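Annotated in TrEMBL:
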{"type": "TRANSMEM", "residues": "6-25", "note": "transmembrane segment"}
{"type": "TRANSMEM", "residues": "65-84", "note": "transmembrane segment"}
{"type": "TRANSMEM", "residues": "96-117", "note": "transmembrane segment"}
{"type": "TRANSMEM", "residues": "129-150", "note": "transmembrane segment"}
{"type": "TRANSMEM", "residues": "156-183", "note": "transmembrane segment"}
{"type": "TRANSMEM", "residues": "250-270", "note": "transmembrane segment"}
{"type": "TRANSMEM", "residues": "290-312", "note": "transmembrane segment"}
{"type": "TRANSMEM", "residues": "324-347", "note": "transmembrane segment"}
{"type": "TRANSMEM", "residues": "367-385", "note": "transmembrane segment"}
{"type": "TRANSMEM", "residues": "397-417", "note": "transmembrane segment"}
{"type": "TRANSMEM", "residues": "437-456", "note": "transmembrane segment"}
Amino acid sequence: MERFEGYVFTALCSTNFLISCLLFSKITREQREPYMDEIFHVPQAQKYCDGKFSEWDPMITTLPGLYLVSVGVIKPLMWLAGWTGKVVCSTGMLRFINLLFNCGNLYLLYLIIYKLHLKDKARAAMRRVLSALCLSTFPVLYFFTFLYYTDAGSTFFVLFAYLMSLYGSHKVAGLLGCCAILFRQTNIIWVAFCAGTVVTQKLDESWKTEQSKKKEEKCPSQVPFSLAGVGKVTRFLFEYATTPSSIKSVLLVAWPYVVVAAGFVAFMVLNGGIVVGDRTSHEACLNFPQLFYFFSFTLLFSLPAWLSYRRAVSFLHSLRKQPLLYLLLTVVSLILVWKFTFVHKYLLADNRHYPFYVWRKVFQKHQLVPFLVVPGYVFAMWNFMESLKSKSLFWNLALLVCLTAATVPQKLLEFRYFILPYLLYRVHIPLPSTPRLLAEFGLYTLVNAATLYIFISKTFHWPDSTDVQRFMW
């Protein structure tokens with residue numbers, strides 16, 4: 001990190017933490033009692049604080065990573081400060097753990113961006129800092145910084161594991177991947193993505209060597225990202241996967257991830273599935289439209305980074321160049337929406353979440369609406385891949401496979417499930433210009449201000465309950 005860049009980043013970290021603390025104080029004063037999922041997480045963490053590690057709430061569906069970290073941070077502070085009574089492991093104290101994770105996420109995002117965008121160091125310094133700041137305030141993630149949810153910690157350990165994999169510290173990455181899984185079991189997918197980046201590096205090197213020998217391409221390191229290259233790439237992958245020396249070279253590097261995967265499989269066998277506790281509300285299905293929701297979500301939140309006349313012209317040019325491809329993609333998307341749309345009971349019943357209103361106001365407006373928005377899905381998919389065109393085909397395939405595994409089995413439309421894939425997408429696209437980053441930060445700030453204001457001020461009551469209800473992501 002250059003000295004000036006380091007000073008600027010430190011100042012931003014301090015300012016971000018100060019503002020977050022002020023917001024945290026306001027939210028905690030307004031909502032002192034556990035809210036929503038906190039009614040499960042807070043009492044469980046308090047049991048761990050009391051040393052009752054054998055007691056478990058069967059309604060909790062994730063592993064105890066959040067509670068273990070909370071106890072590991074709070075207990076030493078309690079002994080040093082001499083705290084006693086209810087202040088220890090109170091709701092506010094437990095929520096503060098996520099504020100610390102938010103600081104860690106900002107630092108990790110900066111380090112990842114610094115590693116991925118090393119070119120043009122001097123001119124890109126401010127853009128790297130601004131990118132990290134923008135993503136640390138990404139509205140869905142930032143909102144849950146102020147509540148005792150698993151999202152901030154889950155994101156922290158996945159980002160940490162990915163950073164270590166980028167630097168080639170795969171044993172450390174595997175260990176951090178285990179920590180991420182303790183926060184949320186589905187993080188095994190992003191541990192697999194870390195392993196996938198290792199495999200794609202090997203594939204890219206092998207492809208480059210093979211094409212150099214054949215002298216078939218002017219740019220041998222670039223895998224053709226088109227239908228014309230599908231047959232060639234498929235043959236190459238088959239040959240690579242059936243060559244013992246290639247498998248050995250991958251395993252020598254990626255074995256820590258294989259160990260983590262084997263341990264996770266053992267856990268699933270012993271547990272009888274991926275979910276611990278109550279499984280009735282977490283049934284897997286093939287909800288393919290979840291991919292479309294994610295691409296649309298990404299399109300909207302990355303709007304300042306991509307919106308331009310040139311991008312629109314590029315899409316129209318691609319449409320004219322390959323009309324049959326887009327026709328096929330549209331037909332397949334229509335079939336997937338028709339046959340594989342699943343609606344979770346919580347999406348229809350819980351009016352405290354924004355997805356409830358998205359579904360009711362948009363998708364339930366008319367029975368044809370889910371089909372009429374398919375052209376928008378197609379553009380969102382194209383924009384997603386266009387933004388990542390600097391990455392090789394193998395890398396894009398690895399990301400798409402992990403994205404599919406992370407979203408499609410989910411029956412519930414929950415924006416929190418999009419946090420990690422969005423962040424991984426965003427750190428890999430080319431660094432936007434400073435004005436675009438300022439526009440992105442402005443957008444995120446407005447959304448954060450609106451959602452936090454609504455959460456604090458726009459309370460309501462259900463007819464059959466006296467409890468205060470609040471709107472949230």
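First residue shown is number 1, and so on along the chain.
Each residue, glycine too, has its Cβ placed from N, Cα and C.
Note: TrEMBL annotation is automatic and uncurated.
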Under 8 Å, at least 3 Cβ pairs, sequence separation 6 or more: does that hold for the transmembrane segment (397-417) versus the transmembrane segment (156-183)?
no
Contact between the transmembrane segment (156-183) and the transmembrane segment (96-117) (3 or more Cβ pairs under 8 Å, separation 6+):
yes
What residues elsewhere in the chain lie close to the transmembrane segment (129-150), defined as a C-beta under 8 angstroms and at least 6 residues from its ends?
5, 8-9, 12, 16, 20, 23-24, 27-28, 34-38, 41-42, 45, 62, 65-66, 91, 94-95, 97-99, 101-102, 105-107, 109-110, 113, 183-184, 301, 415-416, 418-419, 422-423, 426-427, 431-432, 434, 437-438, 440-441, 444-445, 447-448, 451-452, 455, 472-473
